[in-house]
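Residues or ranges marked as NAD(+) binding site in TrEMBL: GLY114, VAL115, ILE116, GLY117, ASP118, THR138, SER139, LYS151, LYS160. The Zn(2+) binding site annotation in TrEMBL covers GLU193, HIS256, HIS274. Taken from TrEMBL, the feature domain '3-dehydroquinate synthase N-terminal' covers 76-187. The domain '3-dehydroquinate synthase C-terminal' annotation in TrEMBL covers 190-339.
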Amino acid sequence: MINDIKPLRELVHVNLGTRSYDIIIGPDLLREGVERINALLPRKRVCIVTEERVAALHLEKLQSALSAGGITSEALILPPGESTKSWPHLERTVEWLIEQKVERDDLVLAFGGGVIGDLAGFAAAILRRGVGFVQMPTSLLAQVDSAVGGKTGINSTRGKNLIGAFHQPRLVVADMDLLGTLPPRDFLAGYGEVVKYGLLGDADFFAWLELYASSMATGDVAARARAVQRSCEMKAEIVARDEQERGDRALLNLGHTFGHALEAATGYSDRLLHGEGVAIGCTLAFQLSARLGLCSQEAPSRVAAHLRAMGMKATLADIAGELPDADGLIALMGQDKKVKDGQVTFILARDIGDAFVANGVDMAQVSALLAEELAARPN
Ligand SMILES: NC(=O)c1ccc[n+]([C@@H]2O[C@H](COP(=O)([O-])OP(=O)(O)OC[C@H]3O[C@@H](n4cnc5c(N)ncnc54)[C@H](O)[C@@H]3O)[C@@H](O)[C@H]2O)c1
Ligand SMILES: O=C(O)C(=O)C[C@@H](O)[C@H](O)[C@H](O)COP(=O)(O)O
Ligand SMILES: [Zn+2]
């Protein structure tokens, strides 16, 4: 049984030439994390960017460990939530880092979920035309996805992550112990991105998740560590071959063409978390693939069944409140970063574990699918 296995410390390398770095994964990583940060620092001082919920639970311990390792630290504590990924908080963060006289050889420490990682990473990318940063992800979503690969940025009211830069971290420290305090809804939202990896490129991993993901949700640290490791391996491999999404890095966007439109439609609010939008978006991507005759009818049913078994949102019917009509959702997709020549790009699938990047998709089929799914929502 997976839950009898003590999780070990694992290491995944992101191979990007001079911008290469390690992801360390495991329980009880504070000491090793601090040692590795120390090795990267010419002067023994870091500026931590974090947010209120994470700070209340974990900041003191982090600062004590840094201090025990001979590193002084200052912390900026921002409000939690998606709305922090915005111009005002970016400005506040950059100005604070300037006030702290952060130099190019210093490190900014992003200590939080995907919101803090994306915002602090972007602040580091633009400050003095680029200072170094380290990701210490505290949510499942950030450990399996956002802390890795160097996509940093903030949202525009017109679309998700529309302002940003590619800026790779120098190190990622994914300490499993931090996940112990994550609320169940946020854990499951992060799980949406884990499922995505199985669906896009590893059918065996998806089958493993069908067996073990429920024990992950109830606290099985070994199962969590394995899922984080496999997700990071897959992301590292894709990012190493296409760092700036000129080609098949877009596979990591499975579920996101729909998901980002749904997040915009729900105002980047608690109505729909990013990972929840991705999970629903994955079901829609498989439904569209089946409708286009690319995969079997069973594939989307299997995706939705697994999400439901995990207690997750699986279809548009699971989003409470008003949604735009099909044309409205398609209009929101028009701001997607994968749009080429005015045409929306989708990530579709031939089967579970076999996704591909699809251009020139018949938008009448997309519209018909969305109209059917919207009509199936309870009034
Ligand atoms: N850059 C990328 O490649 C990439 C990839 C995926 C997602 N993202 C972005 O990541 C964001 C979503 O990330 P997220 O789900 O981590 O959201 P988040 O940062 O808002 O964290 C989710 C919630 O969990 C809380 N939290 C975080 N760690 C905690 C802990 N250890 N204990 C208790 N509470 C904790 C936060 O306060 C928040 O309420 C979105 O903005 C999304 O666009 C970026
Ligand atoms: O790293 C990537 O590449 C991804 O697409 C990962 C996604 O999970 C993530 O949500 C990313 O921020 C979306 O990228 P975007 O370019 O569509 O904003
Ligand atoms: Zn995502």
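Each residue, glycine too, has its Cβ placed from N, Cα and C.
TrEMBL labels come from automatic prediction, so no person has curated them.
Summary of the Zn(2+) site environment: with the site residues GLU193, HIS256, HIS274 set aside, the chain residues having Cβ atoms within 8 Å of the Cβ mean position are LEU141, ASP145, GLY192, LYS196, GLY255, GLY259, GLY275, GLY277, VAL278, GLY281. Here SER139 (NAD(+) binding site) is positioned 12 angstrom away from GLU193 (Zn(2+) binding site), judged by their C-alpha atoms. DSSP assigns HIS256 (Zn(2+) binding site) to a helix in the three-state reduction.
With DSSP states grouped into helix (H, G, I), strand (E, B) and coil, the domain '3-dehydroquinate synthase N-terminal' (76-187) comes out at 49 helix, 34 strand, 29 coil. For ligand 2, the nearby binding-site residues are HIS256; that is, of GLY114, ILE116, ASP118, SER139, HIS256, these have a C-beta under 6 Å from one of its atoms. For HIS256 (Zn(2+) binding site), the count of additional Cβ atoms within 10 Å of its Cβ stands at 27 [all protein chains shown]. In the domain '3-dehydroquinate synthase C-terminal' (190-339), helix, strand and coil residues by DSSP number 105 helix, 0 strand, 45 coil. Around the Cβ of LYS160 (NAD(+) binding site), a 10 Å sphere holds 23 further Cβ atoms from the protein chains shown. On the 0 to 100 pLDDT scale, the domain '3-dehydroquinate synthase N-terminal' (76-187) averages 97 in this prediction.
Annotation for SER139 (NAD(+) binding site): same-chain Cβ neighbours under 8 Å, separated by at least 6 residues, are GLY112, GLY113, GLY114, LEU179, LEU182, ASP186, GLY190. All protein chains shown were included, and the count of other CB atoms within 10 Å of the CB of ASP118 (NAD(+) binding site) stands at 25. Distance noted between the C-alpha atoms of ILE116 (NAD(+) binding site) and HIS274 (Zn(2+) binding site) is 14 Å.
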